[in-house]
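Asker: If you look up TrEMBL, you'll see 7-67 marked as domain 'MADS-box'.
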């Protein structure tokens, strides 16, 4: 069975987090959770909602349903007639989004399984790098993913070579120039 990746749900003392990096991570995660809850309450209760968060750095983050402008605009006090059609579209979009989230999670789990299979083949063959794995050890499901990973590796190496060549050429040109007097 796989190891647990997070500490799970647990109680914490609500007080300022002193470590700046931890504080930024917490802000990002909690903000995402707040946006999700805002979206859920908008769909479940058919309410208009606007959420605003301003980071320590002064960066503004906003969420609104249907939009922040629509909620806070000039007619913010006026509630549109509830004919249901608009909300049905929002609910359908929400269901579609939830479906896509499940698809992404399933694909992520599949990719993790492929990665694990490649790591196992690497360990069994005593290879140092994942790209040295014997493709015969991989199944039909892993091969296309492995081929795409190799292609990405090739492209990244090509970009790095180009960068190094350009940097070396620029440095050489800079060495040959006479300083300004």
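The backbone N, Cα and C atoms fix where each Cβ goes, and this holds for glycine too.
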Asker: Which whole number is the mean pLDDT over the domain 'MADS-box' (7-67)?
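Answerer: Computed over the domain 'MADS-box' (7-67), the mean pLDDT is 87 on the 0 to 100 scale.
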Asker: Going by DSSP, how much of the domain 'MADS-box' (7-67) is helix, how much is strand and how much is coil, in residues?
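Answerer: Each residue of the domain 'MADS-box' (7-67) counted once, the result is 26 helix, 12 strand, 23 coil.
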